[in-house]
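Q: The structure's right below; bear with me while I get my questions together.
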Amino acid sequence: MPEASSPRRTPQNVPYQDLPHLVNADGQYLFCRYWKPSGTPKALIFVSHGAGEHCGRYDELAHMLKGLDMLVFAHDHVGHGQSEGERMVVSDFQVFVRDVLQHVDTIQKDYPDVPIFLLGHSMGGAISILVAAERPTYFSGMVLISPLVLANPESASTLKVLAAKLLNFVLPNMTLGRIDSSVLSRNKSEVDLYNSDPLVCRAGLKVCFGIQLLNAVARVERAMPRLTLPFLLLQGSADRLCDSKGAYLLMESSRSQDKTLKMYEGAYHVLHRELPEVTNSVLHEVNSWVSHRIAAAGAGCPP
């Protein structure tokens with residue numbers, strides 16, 4: 001058999017023909033997940049995961065949203081999870097944004113009159129913000145959990161940023177260091193789950209990817225004044241990956257009239273996988289906020 005006729009396989013060597021997937025504009029195969037309600041969905045919501053992880057880590061959130069009669073859909077971004085691409089490498093951050101819009105358009109064709117929402121965590125929060133900014137009146141609302149708005153000041157000092165930009169020209173694949181999983185959550189069992197997840201990339205942040213994250217922060221800063229959609233913003237005060245000051249900046253800079261910030265004192269980065277009292281509160285806040293916005297979108301009036 002010629003090699004060209006061999007089925008495309010995931011990085012884990014599973015044929016894509018056996019899995020839900022889409023093919024992006026670059027011809028790369030992206031693994032998809034769908035959580036569909038039993039009846040006709042009242043709304044659609046795309047879930048955008050963070051750097052180094054995959055959309056399967058949002059199963060609990062997705063099932064909760066599915067219980068609201070939402071069709072929840074997601075994919076592993078290029079270079080992540082079961083999608084193609086060198087691990088945690090992307091030619092341009094816009095690729096992530098473009099792929100989300102492609103997936104959104106594909107699903108929307110089947111449900112043309114159903115309101116659509118975005119949910120994003122960390123890097124996925126930055127992606128969601130940029131997606132929403134590209135289509136200012138398209139989405140009915142957005143949920144952001146610890147979004148990447150400002151980089152951590154410890155890792156993104158002026159000197160370190162300059163050094164990274166210089167290194168990107170000569171050693172783009174040099175590893176800057178791994179994500180310290182202990183700063184993700186105060187819940188040790190959740191940290192252990194992260195550390196043992198075979199689909200999580202723990203190879204370390206390459207210079208070229210770090211530069212794309214810095215580019216994303218700059219783009220988010222420019223995009224914030226264009227945001228007019230309703231959004232819920234959940235942030236931990238002790239987040240050492242995405243500076244909590246970014247949450248206040250987003251609240252101040254966006255033009256949205258319907259915007260809510262809930263700050264969790266002492267909480268770390270992954271609020272939906274934090275100590276039980278935090279995670280339960282996050283699920284409750286998301287459930288309540290989304291329920292009200294679905295009703296408002298269906299009635300064609302503000303909440």
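The backbone N, Cα and C atoms fix where each Cβ goes, and this holds for glycine too.
Summarising the annotation, Swiss-Prot assigns active site, nucleophile to Ser122 and lists experimental evidence as the type of evidence. Look at Swiss-Prot and you will find Asp239, His269 tagged as active site, charge relay system. Taken from Swiss-Prot, the feature phosphothreonine covers Thr10, and the record attributes it to a large-scale study or a structure entry. Per Swiss-Prot, 3'-nitrotyrosine is recorded for Tyr58. Look at Swiss-Prot and you will find Ser189 tagged as phosphoserine, backed by a large-scale study or a structure entry.
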Q: Give the distance between the Cα atoms of His269 (active site, charge relay system) and Tyr58 (3'-nitrotyrosine), rounded to the nearest whole Å.
A: 14
Q: Mind checking which of Thr10, Ser122, Ser189 has the fewest other CB atoms within 10 A of its CB? They're the recorded positions.
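A: Across Thr10, Ser122, Ser189, these recorded positions, the one with fewest Cβ atoms within 10 Å is Ser189.
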Q: Does DSSP put Asp239 (active site, charge relay system) in a helix, in a strand, or in coil?
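A: The residue in question, Asp239 (active site, charge relay system), is coil (DSSP, three-state).
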Q: What Cα-Cα separation, expressed in whole Å, is found between Asp239 (active site, charge relay system) and the residue listed as 'active site, nucleophile'?
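A: With the alpha carbons as reference points, the distance is 11 Å.
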Q: Going by C-alpha distance, which of the recorded positions Thr10, Ser122, Ser189 is nearest to Tyr58 (3'-nitrotyrosine)?
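A: Of all the candidates listed, Ser122 is nearest in space.
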Q: Ten-angstrom check, please: count other Cβ atoms within 10 Å of the Cβ of Asp239 (active site, charge relay system), all chains counted.
A: 23
Q: Sort Ser122 (active site, nucleophile) into helix, strand or coil using the DSSP assignment.
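A: Coil, per DSSP.
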Q: Roughly how many Å lie between the Cα atoms of Ser122 (active site, nucleophile) and the residue listed as 'phosphoserine', rounded to a whole value?
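A: Between the alpha carbons of Ser122 (active site, nucleophile) and the residue listed as 'phosphoserine' there are 20 Å.
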Q: Hey, how far is Ser189 (phosphoserine) from Thr10 (phosphothreonine), Cα to Cα, in Å?
A: 28
Q: On the three-state reduction of DSSP, what should I expect for the residue listed as 'phosphoserine'?
A: helix
Q: Hey, what's the Cβ neighbour count for His269 (active site, charge relay system) at 10 Å?
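A: For His269 (active site, charge relay system), the 10 Å Cβ neighbour count is 23.
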